[in-house]
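Have a look at the structure below before the remarks.
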Amino acid sequence: MNGNPSTNNPSVSPGEVPGAIHKDPDVVIFGFWVFMMSDLIFFGVVFAIYITMIGATAGGPGPRELFDFGSLFAQTMLLLTSSLTVGIATVTMKHQRSQASFLFWVVVTLILGLGFLALELYDFSEMAAKGGVPQRSGYLSAFFGLVPLHGLHVSFGCLWMLVLIAQIWKVGMLDIIKLRFLRLALFWHFLDLIWIGIFSVVYFGGWVYG
Amino acid sequence: MANKTGYAAHLRAYLTGYVLSVVLTLAAFWAVIAVGRENKSVLLLVGLLGVAQLVVQLKYFLNVTTQKEGRDNLALVLFSTLILLIIVLGTAWIMGNLAVRMHTTM
């Protein structure tokens, strides 16, 4: 990176501090909360579809044949621990500890997130091997409409982390990047909240009533 | 720790939330595996443990509290939860009622 990062950016007028925040950070964070709550409603609708589809297996494999609670527990722990590590990264950033320790916790979170995704994909392939594919029944369509939707969110969270790491590597910890990271941390905690609903309702609820 | 906004205090809030969440997760998994599928009321316990973990994570991870700085978010979360419950419980109620009246097996 050669010098001032704002020099090549026509949207930043000359003389401004590069990476300065132009809006009230509280308003930006609150706006992100509004997005997350709309995403929550979206998830809620897909949960509602899943609940109505429990038992609609059309003779295909159901929760009893398909669910692996060992893998489910490992995924739950990976995601929960990543929620802690992203929190530690937030604390490290807020109290202005070294950039290296901050990046360390972000990378740990990224690795835990990728581990979660790998286990989830392994689970889906195991289900498919037992005939549990989305087109088999209404129940499985609802399952694969909901659980991979959460996985897709986690994937985009991982992508977001990679982009932030690249930005920090290029231009350093500017204020605007700190604000982006705060939103990422909120998003990541939010995904763990959704996961509580998934293991309680989708896996346990499906297993008991399916 | 006298300083409630210090580094150690913030870190401890996350660690407290994590330990409580792990305990609640273990309890939910244990309940389902120990009680099994025969007694459907185990889901009530799983639901309560899930709600408890949601509250723990909202408080310790997402900092949604009744304190001044967390109150706007609390109002937003509570309103969204109301909409969510109307959608999910309303759907389950109507579709469940329909299934009973149509004599489809649920």
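Including glycine, each Cβ sits where the backbone N, Cα and C put it.
Note that TrEMBL annotation is computational and uncurated.
Residues annotated as transmembrane segment in TrEMBL: A:27-52 (among others). Proximity of distant same-chain residues to the transmembrane segment (A:27-52), defined by a Cβ-Cβ separation under 8 Å and at least 6 residues beyond the stretch ends, is recorded for 21, 142-143, 145-146, 149-150, 153, 179, 182-183, 186-187, 190, 194, 197, 201-202, 205-206.
If you look up TrEMBL, you'll see A:30-207 marked as domain 'Heme-copper oxidase subunit III family profile'.
Residues or ranges marked as transmembrane segment in TrEMBL: A:72-90 (among others). Outside the transmembrane segment (A:72-90), and at least 6 residues removed from its termini, the chain residues within Cβ reach (under 8 Å) are 102, 105-106, 108-109, 112-113, 115-116, 119-120, 123, 154, 181-182, 184-185, 188-189, 191-192, 195, 199, 203.
TrEMBL lists A:102-122 (among others) with the feature transmembrane segment.
What TrEMBL lists as transmembrane segment is A:142-165 (among others).
For the transmembrane segment (A:186-209), same-chain residues at least 6 beyond its ends with a Cβ under 8 Å from one of its own Cβ atoms are 29, 32-33, 36, 39-40, 43, 47, 50-51, 54-55, 62-64, 67, 69, 72, 75-76, 79-80, 82-83, 86-87, 109, 113, 143, 146-147, 150, 153-154, 157, 160. According to TrEMBL, the feature transmembrane segment maps to A:186-209 (among others).
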The average per-residue pLDDT within the domain 'Heme-copper oxidase subunit III family profile' (A:30-207) comes out at 95
